[in-house]
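Participant: According to Swiss-Prot, the NADP(+) binding site annotation covers Asn83, Ser85, Asn133, Gly580, His585, Arg596, Asp598, Arg645. Annotation source Swiss-Prot lists D-threo-isocitrate binding site at Ser130, Asn133, Arg137, Arg143, Lys253, Tyr416, Arg543. Positions annotated as Mg(2+) binding site by Swiss-Prot: Asp346, Asp544, Asp548.
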Amino acid sequence: MAKIIWTRTDEAPLLATYSLKPVVEAFAATAGIEVETRDISLAGRILAQFPERLTEDQKVGNALAELGELAKTPEANIIKLPNISASVPQLKAAIKELQDQGYDIPELPDNATTDEEKDILARYNAVKGSAVNPVLREGNSDRRAPIAVKNFVKKFPHRMGEWSADSKTNVATMDANDFRHNEKSIILDAADEVQIKHIAADGTETILKDSLKLLEGEVLDGTVLSAKALDAFLLEQVARAKAEGILFSAHLKATMMKVSDPIIFGHVVRAYFADVFAQYGEQLLAAGLNGENGLAAILSGLESLDNGEEIKAAFEKGLEDGPDLAMVNSARGITNLHVPSDVIVDASMPAMIRTSGHMWNKDDQEQDTLAIIPDSSYAGVYQTVIEDCRKNGAFDPTTMGTVPNVGLMAQKAEEYGSHDKTFRIEADGVVQVVSSNGDVLIEHDVEANDIWRACQVKDAPIQDWVKLAVTRSRLSGMPAVFWLDPERAHDRNLASLVEKYLADHDTEGLDIQILSPVEATQLSIDRIRRGEDTISVTGNVLRDYNTDLFPILELGTSAKMLSVVPLMAGGGLFETGAGGSAPKHVQQVQEENHLRWDSLGEFLALAESFRHELNNNGNTKAGVLADALDKATEKLLNEEKSPSRKVGEIDNRGSHFWLTKFWADELAAQTEDADLAATFAPVAEALNTGAADIDAALLAVQGGATDLGGYYSPNEEKLTNIMRPVAQFNEIVDALKK
């Protein structure tokens, strides 16, 4: 039997799964397809690390490792929903919840000194940050706005904040001594096993990474961010935001960049509270309160210090004296610096641009902002859009073009695979990458506390990326632009390989060019304003940034993107949108039993997954399901049956009901497959007859508080009861499986 894997993840998409997946299972079964769940939630991944500490009933398999292997086979057909990329505070909260539920798992050690503690820390580090996507992404990325969604937005545009020509909003970024400026890059002419080592000024050698296996043709880079230069830059920006009377905000990616960015976040916190750290720094650092887990962790940790109240007062004075901070939650006093994972650059910058260049201040009012993006590799993209909006005003969703993306992602490409090669430097000296025969391939002078890192990209993914770009340009008729920076050593190497591999393809009649990220941004937004479309062909980080930036401006959200990963072994990975897992949506369910999560991303991914089954295995019924689902999705949009934000109006469960009805209607009416038409005729009839009652019942359950039985590890039975509250609807769906 053909199989589709549906991932069980976290937060809002997990809740939605309990409503939608029974429908998917029932419909897929009519085409001979089994839908199997694999648990890659944060809780599931934690438990998989400690099998020896669990009872037989509690043990779970390592679903992520199994899916990683499956992704390397032609049989893979995986639907991947958003999951938590855990920061340390989230990880600690999940551990505590699991312990309270009776799981004998250890605490996360803050300072691992014994072998046992080091082993525990290594296991938790495997779960921390963006631990899922790099394992599953054995292919490059093809993300685009489906035509149905684009058409819907033109009819029902989302709100775009007006821009003022006098806006003081800007991006602040380093102009020297950051990752971009210090990068060195090589292309290996033969396979090798290299070593990364640190040689201190006194001659002491430390092996940072003993064995890094590299293939022929692989691109390897090393670079370093100077801690002194970073601190000087940050102090300047704190003063600048204060002088200009605008909000101070930091935009990093502490989830995916789980080694470098929490360190940088700590520098930001210490720079903002420079006076507090000048006075109490030694004591704070000794207590592990260095800012890397955010201001909230510091304030919590102060409770165990004798003079904690005194230091807390100093932090409060620091907030009064410093520039106003951008707020995550004004009502609760949660600032941009409270939690490293609260403000993630790829989501926060487009949201700011969409909102007139404003973020929220402590009075819950919009205000101009200084957006701190310390490393300058990609900051210019956002500054270019800001300057364009200052000059030309906000974009118009009813007329603007689209910017699909082809992203280099496979096999942990570039920065998003750098975590195991990123190091905080302990002492002044040099870092060297040394070949097996002792040649120094890359070398940097370093100082204590600098962040040094290496990135790699294998040759096969680069070839596949170029091929995918040509294919998408040919199929769509759009120009394709490779976003590569001639000022960066890595990008210069990549550009030479792009030119080499483009020669392997028929590019006649295609418009394919290579531009710097700033030039490519300007070209793309000039074309957007003329209603023209342009494919952005980017590395891994810009894949992530652009597939939030352009969809948020075009569609109001990145969750409505079609995200396909053609796996290099021939399988398919279908990601549901490009957004996160929406913790605020869960909060609303807990308070009001209303889930505003929009499953449009799941609907789009599911149709592509069925289509993959048709194309790979000749399953024509799967193709009929896909076409009918696309039509049902378009009808859902046009009839405005997507979830509302307000309690008492349609929510995620209601939208699932209407999708099911429209899908059954389409299947009953189609003439390609008589069996499916006959199967779905009574289903459609039952859903149409009961529509008013089912819709009313789904609205009636809203309004009261709910108990999920856990946040990271909710109770199965409670979730099922909350997400499938109407027996009449459930019986119609479940009857299909019999």
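Note that Cβ sites are derived from N, Cα and C of the backbone, with glycine treated the same way.
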Participant: Highest Cβ count within 10 Å among the binding-site residues Asp346, Asp544, Asp548: which residue is it?
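Facilitator: Neighbour-count leader: Asp544.
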Participant: Taking the residues the record says bind NADP(+) (Asn83, Ser85, Asn133, Gly580, His585, Arg596, Asp598, Arg645), how far apart in Å are the two Cα atoms that sit farthest from each other?
Facilitator: 29
Participant: About how far apart, in whole Å, are the alpha carbons (Cα) of Asn133 (NADP(+) binding site) and Tyr416 (D-threo-isocitrate binding site)?
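Facilitator: One finds 10 Å between the Cα atoms of these residues.
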Participant: When a 10 Å sphere is centred on the Cβ of Tyr416 (D-threo-isocitrate binding site), how many other Cβ atoms does it contain?
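Facilitator: A 10 Å sphere around the Cβ of Tyr416 (D-threo-isocitrate binding site) contains 22 other Cβ atoms.
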Participant: Which value in Å gives the longest Cα to Cα span across the D-threo-isocitrate site residues Ser130, Asn133, Arg137, Arg143, Lys253, Tyr416, Arg543 as recorded?
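Facilitator: Farthest-apart Cα atoms in Ser130, Asn133, Arg137, Arg143, Lys253, Tyr416, Arg543 are separated by 20 Å.
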Participant: Want to know which binding-site residues, from Asn83, Ser85, Arg137, Arg143, Lys253, Arg596, are within 10 Å of Asp346 (Mg(2+) binding site) at Cα; which are they?
Facilitator: Lys253
Participant: Do me a favour and check the Cα-Cα span between Asp548 (Mg(2+) binding site) and Tyr416 (D-threo-isocitrate binding site); whole Å is fine.
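Facilitator: It is 16 Å, counting Cα to Cα.
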Participant: Indicate the candidate from Arg137, Arg143, Lys253, Arg543, His585 with the smallest number of other Cβ atoms within 10 Å of its Cβ, considering only these binding-site residues.
Facilitator: His585
Participant: For Arg596 (NADP(+) binding site), which of the three DSSP-derived states applies: helix, strand, or coil?
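Facilitator: Its secondary structure by DSSP: coil.
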Participant: Would you please pick out, from the binding-site residues Asn83, Ser85, Asn133, the one with the fewest other Cβ atoms within 10 Å of its Cβ?
Facilitator: Asn133
Participant: Distance between Ser130 (D-threo-isocitrate binding site) and Asp598 (NADP(+) binding site) at the Cα atoms, whole Å?
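Facilitator: So the Cα of Asp598 (NADP(+) binding site) lies 23 Å away from that of Ser130 (D-threo-isocitrate binding site).
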Participant: Can you tell me the CA-to-CA distance separating Asn83 (NADP(+) binding site) and Arg137 (D-threo-isocitrate binding site), as a whole number of Å?
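Facilitator: If we compare the Cα positions of Asn83 (NADP(+) binding site) and Arg137 (D-threo-isocitrate binding site), the gap is 14 Å.
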Participant: Round to the nearest Å and give the CA-to-CA distance linking Arg645 (NADP(+) binding site) with Arg143 (D-threo-isocitrate binding site).
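Facilitator: The Cα atom of Arg645 (NADP(+) binding site) is 26 Å away from the Cα atom of Arg143 (D-threo-isocitrate binding site).
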